[in-house]
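Take this structure first; my questions come after.
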Amino acid sequence: MSQATESDVREDGIIESVSGPVVTARDLDARMNDVVYVGSEGLMGEVIEIEGNITTIQVYEETSGVSPGQPVEGTGAPLSVDLGPGMLDAIYDGVQRPLDVLEEKMGSAYLDRGVDAPGIDLEKTWEFNPEVEEGDSVEPGDIVGIVPETPSIDHKVMVPPNSDGGEVTSVESGNYTVEETVVELDSGEEIQMRQEWPVRQQRPSVEKETPTEPLISGQRVLDGLFPIAKGGTAAIPGPFGSGKTVTQHQLAKWADADIVVYVGCGERGNEMTEVIEDFPELEDPITGNALMDRTCLIANTSNMPVAARESCVYTGITIAEYFRDMGYDVALMADSTSRWAEAMREISSRLEEMPGEEGYPAYLSARLSEFYERAGYFQNINDTEGSVSVIGAVSPPGGDFSEPVTQNTLRIVKTFWALDADLAERRHFPSINWNESYSLYREQLDPWFVENVRDDWPETRQWAIDTLDEEAELQEIVQLVGKDALPEDQQLTLEIARYLREAWLQQNAFHPTDTYCEPEKTYRIMDAIKTYNDAAFEALDAGVPVEEITDIDAAPRLNRIGVQEDYNEYIDELEDDITSQLRELY
Ligand code: ADP
């Protein structure tokens, strides 16, 4: 987070009252959303309400010791992030202070009051390779140079969106700090690698386009049944022990996003510690580099002040937009948006606002949609295309999806991946419930799958969905009367559905091959099961008893396709064996 460098000289205010993270001050010369420094320790806060000469501030740090009569200093600048090389590989707190720097200054990352630290290293030098020459004219957003930021990602240095642009009068390759001028314009403007951007303001774009490409996750249940688009939104509830962590790691590792921004918001300290400890160990399976080379972590744990949950969400989305502007596909994961909503509830109650449903403020839904609205597939102002996909975790208390945060989120997002504790208990992983989950992108993304995978992707998938639906209905009957009471064709459907679940939907994140499944393989497994289905029903029609059909020894081999590296050969052979073994029965 940036210090308020361009601050005007402003009148200090005097604290009137302190109620947890909410502080009121009188006679403060400030505007809405300005950053202010509160109390003798100068704790960072943000103006959230102004009435007459009383200003209400939410403070992003623990307020014990802050008391009426102490000063509040305005900065004249809104809450902003520092943008530039050095954000990848970083781990920030909710107001973009690098945790390692805090730790150095304070001895602990969690005792961080009144310490300011720039979001990007101001002393480090970066190799700047110009993309423009003297005499070129540049406009806002234009890429003026490239910095090899990490082995995985080239950082594109851009003309700030609020610049006037102009003609380049001076530019030279070399090593620079983020504050040194790398390009001079005829207007006198000097461009540095560092930009600031107010977190509550969406970065400009030319237009938001309809997303047409999937964000491929390599997870069959997601790509096959509930795909999210690049630039799409998804929600994932995380009842404890349901496999949320593994699912998130899988997405961070395998989703075909260039950049991952992971916002840990208000989760229990040990969960976040897990992320902070795990992520730096993870390897990017695609490049072999460290996963952190394309990842930015923002960590606000439950023992950090609640108000900072809000700032960490906005900080994360702003960083995501900045990389989007470079033409990258960014995936932002926020875990958990419910904790952010709880922070809104707490602040709102301290403001004595009229509570809405279950005590959440009436603007809960507006805030959530404002956040998810910033996702999308964009044509950027420099004519590149980039996307921000947002995957938000929700943590409904007791797994009850009817509570307001889940309900409001589901009204906004277009994909819902219902993690299910029962499935996890039955060791069905990933434990995404195929009856409750949905994706509104399915049809919209079909042309991509048709063009890039197979012509009959939509039909084959529909067959799989119908079969699983039928299974769900039949299971109800089976529970009452037992499987043997069903007619033979329905018994056969149950058997086929079992293979869809076991061979297709289940996927072992810890198996070196099965951990990632390319769309072609996702298709071929589904299609192999359909081949068995079609041949099996032919045999049934020809009078073969269902037990004989389900007993063929080729069928169980379906369950091993996932772990096959040379799956094409394996499936070709298996399909031949299945059809010939069934053919022998009549
Ligand atoms: P949560 O974060 O919801 O508490 P985890 O993600 O840690 O749960 O998952 C709990 C356990 O479930 C893991 O340790 C692992 O054994 C198993 N598991 C979860 N997802 C998968 C998966 N996709 N493949 C294999 N095992 C899984």
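Cβ atoms here come from the backbone N, Cα and C positions, even for glycine.
So TrEMBL says this about it:
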- Gly238, Pro239, Phe240, Gly241, Ser242, Gly243, Lys244, Thr245: ATP binding site (BINDING)
- 320-349: domain 'Rhodanese' (DOMAIN)
Filtering Pro239, Ser242, Gly243 (binding-site residues) by proximity to ligand 1: which pass a Cβ cutoff of under 6 Å to any of its atoms?
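Result: Ser242, Gly243.
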Six or more residues out from either end of the domain 'Rhodanese' (320-349), which same-chain residues have a Cβ under 8 Å from its Cβ atoms?
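For the domain 'Rhodanese' (320-349), the far contacts come to 20-22, 48, 58, 83, 141, 143, 153, 155-156, 158, 161, 195, 197, 202-203, 205, 215, 230, 235, 238, 244, 248, 251-252, 255-267, 302, 306-307, 309-310, 313, 355, 359-361, 363-364, 367-368, 371, 374-375, 378, 380-382, 384-396, 404-406, 409.
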Could you check the binding-site residues Gly238, Pro239, Gly241, Gly243 and say which one's CB has the fewest neighbouring CB atoms inside 10 Å?
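Gly241, out of the binding-site residues Gly238, Pro239, Gly241, Gly243, has the fewest neighbouring Cβ atoms within 10 Å.
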What other residues of the same chain, not counting Gly238, Pro239, Phe240, Gly241, Ser242, Gly243, Lys244, Thr245, have a CB atom within 8 A of the CB centroid of the ATP site?
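Neighbours within 8 Å of the Cβ centroid, excluding Gly238, Pro239, Phe240, Gly241, Ser242, Gly243, Lys244, Thr245: Leu419, Ala421, Ala424, Ser431.
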When secondary structure is assigned with DSSP, how many helix, strand and coil residues does the domain 'Rhodanese' (320-349) contain?
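For that range the per-state counts are 19 helix, 7 strand, 4 coil.
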Which is it, of Ser242, Thr245: the one of these binding-site residues whose Cβ has the most other Cβ atoms within 10 Å?
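By the 10 Å Cβ neighbour count, Ser242 comes out on top.
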In sequence order, which residues at least six apart in the same chain have a CB under 8 Å from the CB of Lys244 (ATP binding site)?
Ile236, Gly238, Asp335, Ala393, Leu419
May I ask you to report the DSSP-based helix, strand or coil state of Thr245 (ATP binding site)?
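The three-state answer is helix.
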Cβ distance under 8 Å to Phe240 (ATP binding site), same chain, sequence separation 6 or more: which residues?
Ala421
